[in-house]
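J.: Got a structure for you, questions after.
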Amino acid sequence: MKVTLSALDTFESSFTPLVVIELVQDVKEETKEWLKNRIIAKKKDGGAQLLFRPLLNKYEKETLENQNLYLVGASRLRLLLGAEAVGLVKECNDNTMRAFTYGTRHNFKGFDDDNDDFLTMAECQFIIKHELENLRARDEKMIPGYPQAKLYPGKSLLRRLLTSGIIIQVFPLHDNEALKKLEDSWYTRFTLKYQPVDSIRGYFGETIALYFGFLEYFTFALIPMAVIGLPYYMFVWEDYDKYVIFASFNLIWSTVILEVWKRGCANMTYRWGTLVMKRQFEEPRPGFHGVLGINSVTGREEPLYPSYKRQLRIYLVSLPFVCLCLYFSLYVMMIYFDMEAWALELHEDSGSEWTSVLLYVPSIIYAIVIEIMNRLYRYAAEFLTSWENHRLESAYQNHLVLKVLVFNFLNCFASLFYIAFVLRDMKLLRQSLATLLITSQILNQIVESLLPYWLQRKHHVQVKRKVQALKADIDATLYEQVVLEKEMGTYLGTFDDYLELFLQFGYVSLFSCVYPLAAAFAVLNNFTEVNSDALKMCRVFKRPFSEPSASIGVWQLAFETMSVISVVTNCALIGMSPQVNALFPESKVDLILIVVAAEVRKSLDVNNIHAPEQEQCLLCCSQT
């Protein structure tokens with residue numbers, strides 16, 4: 001017999017809370033009642049058919065601060081039917097991966113009517129988020145109590161409530177017991193071991209797990225470079241021109257590691273079911289606005305915005321602004337070279353130990369300025385990309401990534417290219433690369449991990465004292481957890497984490513042939529990065545909603561582009577080396593161009609060869 005949603009009970013007084021909704025303090029009572037009814041109403045009546053209750057009852061609200069916090073959960077049957085609705089892919093008893101359906105639930109591995117562990121908590125929270133986001137206006141013209149918050153048929157209620165400021169935030173709760181087990185196997189014991197990527201995926205979802213899987217893979221891929229670089233640095237330290245062998249290895253390494261990662265990534269995502277998961281129709285992003293009209297594809301009424309207006313904003317405002325920022329970055333770079341010349345002149349005049357230390361000061365200052373400029377530009381890029389009014393979140397992310405990567409690449413690497421190919425000063429190139437790499441790693445560890453962790457610990461102590469002082473008869477453990485987590489910072493995604501790895505990949509792959517210790521420092525940084533990022537995810541930020549992913553997305557293309565640039569750069573450095581020029585003394589420029597052109601064509605051929613392999617990845621995974 002087919003089970004329908006109408007058979008579910010949405011009025012259970014006791015349930016496992018999975019998601020928290022925080023409303024603004026002065027929200028109207030009629031708005032709260034309307035929202036509650038829409039969440040618990042049956043699907044046939046336009047509701048989400050979820051479980052819903054306030055964190056505090058009436059007496060507790062009078063005793064404590066009036067917290068407009070509400071808990072959302074779902075029955076086991078509701079979650080299973082939701083898993084079918086979102087198209088979750090699970091492993092069957094015959095070891096194949098198929099989309100889950102409630103009618104064939106007994107065909108799936110690990111399913112039992114008495115077992116509540118078939119769906120991970122991350123998957124349950126993803127289902128609830130999906131149901132909340134798909135609560136849509138029917139006949140309502142506005143949100144009750146807020147006539148300025150207009151509605152139209154098909155509009156997502158959650159997005160309108162968020163953009164109107166009625167809902168402050170929606171976030172999933174941590175499972176303290178499961179989190180403790182994950183921490184014990186992940187970062188609390190400082191031992192050299194593989195990360196529990198499958199456990200990370202079960203708790204945080206595929207997007208976070210793929211980042212940590214890539215971070216681990218990239219760290220291990222750096223070890224051969226570090227092992228070769230250490231003796232190379234020790235025995236050829238003073239001879240800056242003997243870098244041909246290391247540069248040759250460098251250009252091969254930068255291409256191979258990305259091809260190997262693509263296969264490993266496909267294996268992981270096939271095992272998790274996201275590689276074969278059907279992609280859902282993408283809804284307009286919350287910040288998208290326009291004139292109400294009928295979407296020609298969906299037939300639904302929604303905001304429409306002319307494409308030509310967006311293109312005008314991009315080409316007449318965003319593009320000139322980005323070019324202006326790039327010019328300013330180059331201007332700051334020339335100031336840095338003036339500082340370098342001043343420090344060198346001062347050292348040559350005095351020759352003291354103090355002035356020899358002063359030689360590193362311009363590079364350190366420039367590295368700090370680069371980090372500040374990168375962060376300031378990031379805010380400007382986010383504002384501009386939002387102002388461009390992209391309809392889809394994927395389009396917004398792609399334009400944001402492009403803006404940020406172009407500026408960060410020029411800002412971080414322009415000085416190194418100038419030193420290598422204009423000044424041709426290998427000693428200064430080595431010094432600048434070392435300073436930029438080490439300084440950026442130290443700053444990132446402080447800003448992204450240590451400072452947020454210290455602030456969170458300070459807030460945690462304050463909440464503890466506040467809860468211990470309460471005399472009310474309440475579930476203090478749950479109250480403390482919700483209040484603590486709602487004040488945590490919001491994890492904004494893996495953008496900054498991938499960007500840091502992208503820049504690190506650039507430092508290592510582009511010019512590490514003149515500073516072989518670059519890979520060794522990157523390995524040391526990444527070993528600490530794994531633990532600091534794990535700590536950040538578990539103890540500093542709110543738990544993010546799980547997001548199914550089949551790959552690392554646009555970052556794969558970004559790393560591949562950097563790999564091609566790396567091949568060109570290393571070939572140019574090889575063509576400039578005294579050893580190669582000694583073989584062809586009469587045509588240095590022609591030699592460089594020939595070597596670069598040959599290697600670029602080789603890189604493109606490698607990518608074309610591996611393209612069919614990408615298409616066969618699914619077949620390979622299913623056979624293994």
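Start at 1 and count along the chain as shown; that gives each residue its number.
Including glycine, each Cβ sits where the backbone N, Cα and C put it.
What TrEMBL lists as domain 'Anoctamin transmembrane' is 200-582. The transmembrane segment feature in TrEMBL is assigned to 208-231, 243-261, 314-337, 357-377, 400-421.
For each feature listed, report its degree of burial, its nearest neighbours and the pertinent distances within the displayed model.
T.: Long-range neighbours of the transmembrane segment (208-231) within the same chain, counting only residues 6 or more positions beyond its ends whose Cβ lies under 8 Å from a Cβ of the stretch, are 194-195, 197-198, 200-201, 246, 249-250, 253, 257, 260-261, 264-265, 268-269, 272, 494, 497-498, 501, 505, 508, 512, 516-520, 522-523, 526-527, 529-530, 533-534, 537, 544, 549, 551-552.
Through the fold, the transmembrane segment (243-261) approaches residues 214, 217-218, 221, 224-225, 228-229, 232, 426, 505, 509, 512-514, 516, 556, 559-560, 562-563, 566-567, 570-571, 573-574, 577, 579-580, 599, 603, 606, 610 of its own chain, all at least 6 residues removed from its boundaries and within a Cβ separation under 8 Å.
Tertiary neighbourhood of the transmembrane segment (314-337): same-chain residues 362-363, 365-366, 369, 373, 377, 380-381, 384-385, 387-388, 399, 403, 406-407, 410-411, 414-415, 418, selected by CB-CB distance under 8 Å and a gap of 6+ residues from either end.
Counting same-chain residues at least six beyond the ends of the transmembrane segment (357-377), those with a Cβ under 8 angstroms from any Cβ of the stretch are 325, 329, 332-333, 336, 339-340, 342-344, 346-347, 404, 407-408, 411-412, 415, 431-432, 435-436, 439-440, 443-444.
Within the chain carrying the transmembrane segment (400-421), a Cβ under 8 angstroms from the stretch's Cβ atoms is held by residues 318, 322, 325-326, 329-330, 333, 336-337, 366, 370, 373-374, 377-378, 381-382, 384-385, 428-429, 432-433, 436, 440, 495, 499, 502-503, 506-507, 510-511, 514, 554-555, 558, 569, 572-573, 576, all 6 or more beyond its ends.
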